[in-house]
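First the structure, in the form of structure tokens, and then the observations on it.
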Amino acid sequence: MVTQALWRRKAVRQPQRNGHTELAKRLRITDLISIGIGSTIGAGVYVLVGTVARERAGPALTVSFLIAGIAAALAALCYAELSSRLPSAGSAYHYAYTCVGEGVAWIIGWALILEYTVGGSTVARGISPNLGIFFGGQENLPAWLSRQTIPGIDVVVDPCAGLLVVVVTGLLCLGIRESARVQSVMVIMNILVLLFVVGAGSWVGFSSGWQGYYQSEGYLPYGVNGMLGGAATLFFAYIGFDTVASTAEEVKHPQRDLPLGIGFSLFICASLYMLVSAVIVGLVPFNLIDPDTPLSSAFNDHGMPWATYVVAAGAIAALSTALMGSLLPQPRILMAMARDGLLPPFFSTLHPVTAVPVNSTLITGLVAALMAFSMSVDQLSGMVSVGTLSAFTMVAVSLLILRYVPPPEVSKAVIIQVLPDKGPPPSSVHISPSRPVFAKGSAIFSPILSIFSDASLQTLPGNNGLEDDCSSSASSSGSLLLQDEVDDEPEVNATAAAPDESPAMSSQVALHKSLLYADESRTSPESNEDLRRWAAVFAITGVCVGVILISLATAAEELPTSIRWTLGVLGTPSFVAASTVLFLIEQDEGHHKFGQAGSFHCPWVPALPLGSILVNVYLLVNLGLPTWLRVSVWLLLGVVVYMVYGMSHSQL
């Protein structure tokens, strides 16, 4: 029972129950681009430039940004296809639920809840230092905005951070269109500041001769490994484009605008990052860059102290948009999980006017405001990356499943024709519009049922009271509708003779219970298509196992050397062999009809998702044991919540 629940999948167009309605479609491509840029370009660029250049990459910082951008593009292209095919709230949670299973989807959604809460609180705590620049230091801020230490318990409260979260939460409650407009203004302000850094810095650089590029250590002072290590750190500066995917249900033209919004926002962010980094490392020698304030200190060293205020204004704008990008997706993920029954319906309530998940928005805003106000979340900041990288990995895996072993697209109704004439049941049953499934009696369906527990089966009504429904619904037309929701596809028909007596009706009900939707390949174990699907399943599994082993061998420095070598020896052939199988076998023809028509198709499959999985799993392992120990506590709590509530209340 538990195993079946963990791997049950919902249909693409799963019927919504309990009166759930969709979010209002009000976003255009310009809104998506501003949301993507605002969520991605946070205060990190104002700090990471100095830290990575000084400790990892040196003058090759621009190349590190380029490599990190290419790695991020792998995940972005996977998101682009799935978001356009499945334009629903929930982002990676929704994709995992449709392609992988309920248990994996729950873990992804639960991890993303932690990511956005901690991420928003961390961003908000960075407002006070930048705001203090305009007052001559943090100590000169008004008392109601400055940080205070509570005597006796040694807790530093930050009223400014808590107030900012409350303001952003209220803005999000006004509506997605209104909050997107405000975010667009802040994004434009941030871009103008970065363009000022590039323009003014270039003028200073040409005047001073770009002394940062003429150092005795050369262009790669830390070697190629240092440049690649810098790229691994800078990868997190690109996180944020996934926020665009979380708004998919609110986009007017998702098939066109979502891929363009994700692509353009990532391209603009990468371009700005590379331009800023090229200027800063050229103005100041890499070993002299201030790791805390690299941009403003670079201008100070060249007689432009007033530029500090411009940079501070850009940092405040970047922090505000990044905070909005953290608080925007979380209520929609909670709403999606509540729609599916995994959380209480309280979280799926929409405001009748603004069409915003108001309860989820207020709850998440309140929690984030309390965390930002009362605690320093620096130690928890590493946990933010676990949710993001796990989501990126699962999106790539879901794309492979979609291309090679696509799940059932829609749930279809079963209509049993009850003939008025008496007679024995037929020896064959024909199911349409799927490929025909023939069986001599119901017993043949039992082994199929034990193998394929697809979402289409899960969406059928439960067996409780089925006999009563059948006996009470028979009409003169001789048909029984055993499914409330009938999709646009042609109906599925089964013809069976049934006498008027109750035992005969029970036999028809038993026949219905044995029916299972399956395509022709699943009913022919010896067919080439069945072999291809099983090969794809084992290959995708082998890729995941191999990547985990390789990542542990290369990044888990806590393990003994002998164990790491063993893991590498086992993981490398597994990954290579499984990847080779995916390259050799054909993709499923049915994936073209999966989801919305006219959707974006990710190029270079399977190479691109394989690369995304490899990069993201490596970064996950590289986060270190302390981070994983802290995350495991949160994930364990999520397992308890799922076992106690989600599993039994699921719509499936």
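Using the three backbone atoms N, Cα and C, a Cβ is placed for every residue, glycine included.
Automated prediction, rather than curation, is the source of TrEMBL annotations.
Here is what TrEMBL says about this protein:
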- 600-650: domain 'Cationic amino acid transporter C-terminal' (DOMAIN)
- 32-53: transmembrane segment (TRANSMEM)
- 59-80: transmembrane segment (TRANSMEM)
- 92-113: transmembrane segment (TRANSMEM)
- 155-175: transmembrane segment (TRANSMEM)
- 219-241: transmembrane segment (TRANSMEM)
- 306-328: transmembrane segment (TRANSMEM)
- 349-374: transmembrane segment (TRANSMEM)
- 380-402: transmembrane segment (TRANSMEM)
- 534-556: transmembrane segment (TRANSMEM)
- 562-585: transmembrane segment (TRANSMEM)
- 597-621: transmembrane segment (TRANSMEM)
- 627-645: transmembrane segment (TRANSMEM)
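Using the rule of three or more Cβ pairs under 8 Å, pairs at least 6 apart in sequence, the transmembrane segment (349-374) is not in contact with the transmembrane segment (32-53). Same-chain residues lying 6 or more positions outside the transmembrane segment (534-556) and placing a CB less than 8 Å from one of its CB atoms are 397, 400-401, 404-405, 564-565, 567-568, 570-579, 581-582, 585, 588, 610, 613-614, 617-618, 620-622. Non-local neighbours of the transmembrane segment (59-80) in the same chain are 49, 52-53, 91, 212-213, 215, 219-221, 226-228, 230-232, 234-235, 237-239, 241-242, 244-245, 258-259, 262-263, 266, 269-270, 273-274, 277-278, 280-282, 286, 392, 395-396, 398-399, 600, 602-603, 608-609, 611-612, 615-616; each lies 6+ residues outside the stretch with a CB under 8 Å from one of its CB atoms. DSSP labels the residues of the domain 'Cationic amino acid transporter C-terminal' (600-650) in these numbers: 40 helix, 0 strand, 11 coil. Just going by CB pairs under 8 A, the stretch in 32-53, 219-241, 562-585, 627-645 that sits most against the transmembrane segment (597-621) is 562-585. When Cβ-Cβ distances below 8 Å are used as the criterion, the transmembrane segment (627-645) is approached by residues 103, 106-107, 110-111, 114, 342-344, 379-380, 382-383, 385-386 of the same chain, each at least six residues removed from its ends. The listed stretches are 92-113, 219-241, 306-328, 380-402, 562-585; of these, 306-328 has the most Cβ pairs under 8 Å to the transmembrane segment (155-175).
The highest tally of CB pairs under 8 A with the transmembrane segment (219-241), across 32-53, 92-113, 306-328, 562-585, is held by 32-53. Sequence-distant neighbours of the transmembrane segment (562-585) (same chain, 6+ residues past either end, Cβ-Cβ under 8 Å): 400, 404, 532, 535-536, 538-543, 545-550, 552-554, 556, 606-607, 610, 614.
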